[in-house]
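Okay, structure first, notes after.
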Amino acid sequence: MINKKFGLILAAGILALAACGEEEQPAANDATEVEEQESAPAEETAPEAEEEMPEEDTEKEESAEDDAEKVADEAPEAMSGAASALLANGETTSFVFNEAGEFSIFCEPHPVMKMTVLVEEGAEQMDEVAIDIADYEFVEETITVAPGTTIVWTNQDQVQHNVAIK
Ligand SMILES: [Cu+2]
């Protein structure tokens, strides 16, 4: 609110000054100057508040990143050699894919079970993506996700599977 007011006063002041530069109106000019002087204390605080605004936004973004990091903490980062525990029927596991690139996924007890995760900047799938493991297969053969996506696998089979990264 203060910023808007200040903006209006500033805009009015600039307009008045610009107008005064062209047509000499001493009376109107004096009135404008007095007005500006009266509102000076408010102006002194307003620019600071305006400058602080972006910092606050940055802090908000950082806290959003912190939240994302918390999610990432829950799901281990996808990297070569990583593997989940064996999943019983209905159990889930997840990895977060932060790095762009290609990840070959397989099931350790059944190495024929494979899928590929492509991590690409600007991919439509993001945040959290669910993939079932059913009938000895990863339901998606290849999936493209944006960096930072957490993929959650759910074992729908009665046999145990896991999710390993080559
Ligand atoms: Cu398996």
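First residue shown is number 1, and so on along the chain.
Quick reminder: no glycine exception, Cβ is built from N, Cα and C everywhere.
Residues or ranges marked as region 'Disordered' by TrEMBL: 24-85.
What TrEMBL lists as compositional bias 'Acidic residues' is 45-68.
Feature annotation from TrEMBL assigns domain 'Blue (type 1) copper' to 66-119. Across the range of the domain 'Blue (type 1) copper' (66-119), the DSSP-based residue counts are 9 helix, 21 strand, 24 coil.
Mean pLDDT of the predicted structure over the domain 'Blue (type 1) copper' (66-119): 90.
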